[in-house]
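Heads up, the thing below is written out as structure tokens.
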């Protein structure tokens, strides 16, 4: 194999017909063509590069297969190694008893080296907390990555001092949910993060102000798929609810209204119209609002949009 590669490297760098050194490598056709006379010098060149394409540095890191991709959800970005707790070598054979004490010491020092400093200890604890909260909320990996970046930026800008790690993690998670359009309410974030809703909201406003994070208001439409899924409503009902919300937005009926309440009322109306009726209590429990809120939003939407729906 080495001889073949060496032979390929020694191939002529000029056209044997006209002597021109202006050679063109056409990788799509697998040919080397003379740019002067058009002679096809080689019609079977091999592309030694990867079979994938990457359009930026981050994509390249993720697609290369010479190691795990960089991730912001681990304090060292996944770049370090660790010694496995099982006392086996790379072939699966047990390590001799006389060497196990040495492996124990190596494993101990490896753990210390991976987390060597106050900042890394902070990140290690915070990111494990973030992973726990994300798992309980069922959030996708993209949200976890985004939340990890927000938290890291807060650490770099020294915004953690005087605030609880749990509170900053919860606020970062809330910001990431809004950025990725995977909405979760402050109540849901507070329930899993062991901090109050008030602290999460206050820390979120502080981070967005200090880190100059600009996030658009949450749309009621973003809540429809999740609420509909939990209520076992069909896709037709979801589409109808989104249609109702769009009409409400066009008529300015969502201004100053909580997005969860509007989404819940629209789903309730759509379920009644299409014969998949759910009780107000069921919808209210899923949306995290009161039945009174649903009735108020229901009344506004049906009257202003001229819908003939009976409770």
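Keep in mind that glycine also has a Cβ here, set from the backbone N, Cα and C atoms.
The feature zinc finger is assigned by Swiss-Prot to 11-42, with sequence analysis given as support. The Zn(2+) binding site feature in Swiss-Prot is assigned to 15, 18, 34, 37; the stated evidence is sequence analysis. The repeat '1' feature in Swiss-Prot is assigned to 128-211. Sequence annotations record features per position, and here Swiss-Prot assigns repeat '2' to 222-303.
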The repeat '1' (128-211) [mean pLDDT, rounded to integer]: 92
Those binding-site residues listed as 34, 37, and which of them has the most Cβ atoms within 10 Å of its own Cβ: 34
Additional residues around Zn(2+), ordered along the sequence, whose Cβ is within 8 Å of the centroid of 15, 18, 34, 37: 16, 17, 19, 20, 35, 36, 38, 39
Tally of DSSP helical, extended and coil residues in the repeat '1' (128-211): 63 helix, 0 strand, 21 coil
Helix-strand-coil residue split for the repeat '2' (222-303), DSSP-based: 61 helix, 0 strand, 21 coil
